[in-house]
Amino acid sequence: MTEIAAIHAREILDSRGNPTVEADVLLADGTLGRAAVPSGASTGEHEAVELRDGDKSHYLGKGVLKAVDNIESVIAPELEGMDAANQRLLDATMIALDGTPNKGRLGANAILAVSMAAARASANSLKIPLYRYLGGANASILPTPMMNILNGGAHADNNVDFQEFMVMPVGAERFSEALRWGAEIFHTLKGVLKKKGYNTAVGDEGGFAPSLSSNTEAIEVILEAIELAGYKAGEDVAIALDPAASEFYDKEKGKYIFKKSDKSEKTSEEMAQYWESWTRQYPIISIEDGFAEDDWQGWRYFTELVGSRIQLVGDDLFVTNTERLQRGIEEGIANSILIKVNQIGTVSETFEAIELGRRYGYTSIISHRSGETEDTFIADLAVATGAGQIKTGSASRTDRIAKYNQLLRIEEQLGQTGEFLGLEAVNFGE
């Protein structure tokens, strides 16, 4: 019986040493479901609210005791006795309890922890894997990894304006092979950077953050590493970018300012042309947040320019939110949506965003946050939804590797029924 008997929550630490929320959902049959929520460094303005205490004497104001208390004193009394397997009703009940458009009263971190834990408890009670519980009998697609191996922007102290440079092993035949290729390139890149005298410490997501001289040098060292590892750039392995352009957009000037590199300023049209020239010069197949979250005009121009030949992903633009995605669909903006469960705050709404995108030909990429935990929910979510792509960091740091290892286990469980789409998972706007 999947009836909820008790809900408990606690304050734990994420991969950056900041507090986050973990929830336990205990069912009447004694089954436990546990989930921990992640948090982001570069967050979109339109994301659901992550409730922090603001008490400087407790974790420098970043505590989440209010969110924990909201679970135990507000959410638990309402949900206890309900069926954990009725995900939509549980999530709708918590949304109604909160009563704000952005989950600002109870906190998306409180609501999401319970939403995920309930799903896991139900799967455990039914003795089926989480991906099977969430995705049904046909869930069999393993995602192509987008591995963030080099960092700039808000994730690094260097002269690189763009936040993430990723490799996608699109030519691999199965997930485990793609992961191996990515790991080999990551280790080869370390050697390339060392040889050039650069620091090889890793950032929040396990990628290197050396003091490179420019944005182009970042791409060039990756291309060198791909080749040295024995792979062909553009054929075996492609490049994906997440510039996180909101971080270097000046709203007052209405311009993109390369503050960290050459201090140049670009209008939206010039920025679109800049990206277009990069896609001609380098084997780039996906650009996420190439424009600021509210620069709809820039996004439109960009989509018209290159949307028919590369994947254009909205993260800060859409924030896993169906209303913003609907606007993007109507205006012909982007062709892919990044899915971060904590941007919207419930499992049900996450599925709704993926389904809406799919209806209009938008791909989905399941994503981690820079502040992660050992929770592997998103690995199962990627398979459950058949998203075909996952973004969960580099080939280092246990908080990232945990997701990859879970996908290796799922690949093993699926056996011959498992599918790996490689390049086919990526939307070229066709």
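In case you wondered, yes, glycine gets a Cβ from its N, Cα and C as well.
These numbers come from a predicted model, not from an experiment.
Now, the feature entries from Swiss-Prot:
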ACT_SITE  Glu205  active site, proton donor
ACT_SITE  Lys340  active site, proton acceptor
BINDING   Gln163, Lys340, Arg369, Ser370, Lys391  (2R)-2-phosphoglycerate binding site
BINDING   Asp242, Glu288, Asp315  Mg(2+) binding site
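Counting only residues at least six positions away in the same chain, the Cβ atoms of Glu164, Ala240, Leu241, Asp242, Pro243, Ala244, Leu312, Val313, Gly314, Asp315, Leu338, Ile365 sit under 8 Å from the Cβ of Glu288 (Mg(2+) binding site). Proximity note: of the listed recorded positions (Gln163, Glu205, Ser370), none has a CA within 10 Å of the CA of Lys340 (active site, proton acceptor). Other C-beta atoms found within 10 angstroms of the C-beta of Ser370 ((2R)-2-phosphoglycerate binding site) number 24, with every protein chain shown included. DSSP assigns Asp315 (Mg(2+) binding site) to coil in the three-state reduction, outside any helix or strand. If you draw a 10 Å sphere around the CB of Asp315 (Mg(2+) binding site), it holds 27 other CB atoms from the protein chains shown.
If you take the Cα of Glu205 (active site, proton donor) and the Cα of Lys391 ((2R)-2-phosphoglycerate binding site), they are about 10 angstrom apart, rounded to a whole number. Packing around Asp242 (Mg(2+) binding site) is summarised by its Cβ count: 27 other Cβ atoms lie within 10 angstroms of its Cβ, all protein chains included.
Our reading of the (2R)-2-phosphoglycerate binding annotation (Gln163, Lys340, Arg369, Ser370, Lys391) yields a largest Cα to Cα distance of 17 angstrom.
In the three-state DSSP classification, Glu205 (active site, proton donor) falls within coil.
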